[in-house]
Amino acid sequence: RIMRPDDANIAGNVHGGTILKMIEEAGAIISTRHCNSQAGEPCVAALARVERTDFLSPVCIGEVANVSAEITYTSRHSVEVQVNVMSENILTGAKKVTNKATLWYVPLSLKNVNKVLEVPPIQYARKEQEDEGKKRYEEQKLDRLETKQRNGDVIFPVINPEPHTVGYSQSSLIHLVGPSDCTLLGFVHGGVTMKLMDEVAGIVAARHCKTNIVTASVDAINFHEKIKKGSVITISGRMTFTSNKSMEIEVFVDADPFVDEPRERYRAVSAFFTYVSLSKEGKPLPVPQLLTETEDEKRRFEEGKGRYLQTKAKRQAQMQQAAQ
């Protein structure tokens, strides 16, 4: 679809959350189609995880975003979907790949939302494709478990924070989940949640550097639990790490099931977003260094630095491999 002004920031760059929402919609369509391709209980595919997603190039107002999805692996109860996004300048015909993403879905019964159904298997062109997919499945399953176990943090407001500190830029957004946010099962679309997360992360980044900012990448997004219609969700973001030209922001979503639900608040989604600062000409700008004050902030900074260096090393290895 064509990108419109309400899809973009004031500089004309399309929000990363808008692209993430389109990616998730494509993944939900293809996985739901596949899971209903054989006779059996009707179901809807629910998003469980999004692997690391890099924003290779900004998309601008007036360009057309083409999203394509393909199922690349199925386990007994999950579907792996690979999604590509290409932007097209319809005036010049120029095209470029902007995103590549991997998503995992599970099929939930329309009759019983807590029942996970079996997934019809796909046919692989080569045995190696199935083996590689199984390896990816086991890795994401382990990472989801580890992420859920360390998800106890909360963000508290800071009185009169100093510029460039964690407290100065941290932000929260509160949203009442309505029918238009939800699937046929009455749970929030993963794409809606990701769009809100990107919005909060963007506010944190803009507060920190006071410039035009764009999403550079999103670390794995883990959907720990479903969010029901009628819930009030709080999306919170805080700066964890800065390099010379990038900012890492931790974002998590907590849900309060207010309507007909005695359950207490719970952590539903978590992820790390990376942003870069751009000049009016679209050139990268230096990022102000994050000032850490508490031991927890210093620990999170070092953990973020580790993720940054690991990603940098992986990218350099890929470039060397491509050059050979």
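Each residue, glycine too, has its Cβ placed from N, Cα and C.
Quantities reported herein were computed from a predicted structural model and do not represent experimental measurements.
Annotation comment: TrEMBL describes 1-111 (among others) as domain 'HotDog ACOT-type'. In the domain 'HotDog ACOT-type' (1-111), the DSSP tally of helix, strand and coil residues is 23 helix, 52 strand, 36 coil.
Marked as active site by TrEMBL: N9 (among others). Spatially close to N9 (active site) yet at least six residues away along the chain are H15, G202, N212, I213, V214, judged by Cβ distances under 8 angstroms.
Restricting the average to the domain 'HotDog ACOT-type' (167-281) gives a pLDDT of 93. Annotation comment: TrEMBL describes 167-281 (among others) as domain 'HotDog ACOT-type'.
The active site annotation in TrEMBL covers D198 (among others).
For 295-324, the entry in TrEMBL reads region 'Disordered'. Beyond the region 'Disordered' (295-324), the same-chain residues lying 6 or more positions past its ends with a Cβ under 8 Å from any Cβ of the stretch are 166, 217, 219, 240-241, 243, 246, 248, 250, 272.
Sequence annotations record features per position, and here TrEMBL assigns compositional bias 'Basic and acidic residues' to 296-306.
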D198 (active site) has how many other Cβ neighbours within 10 Å of its own Cβ? 26
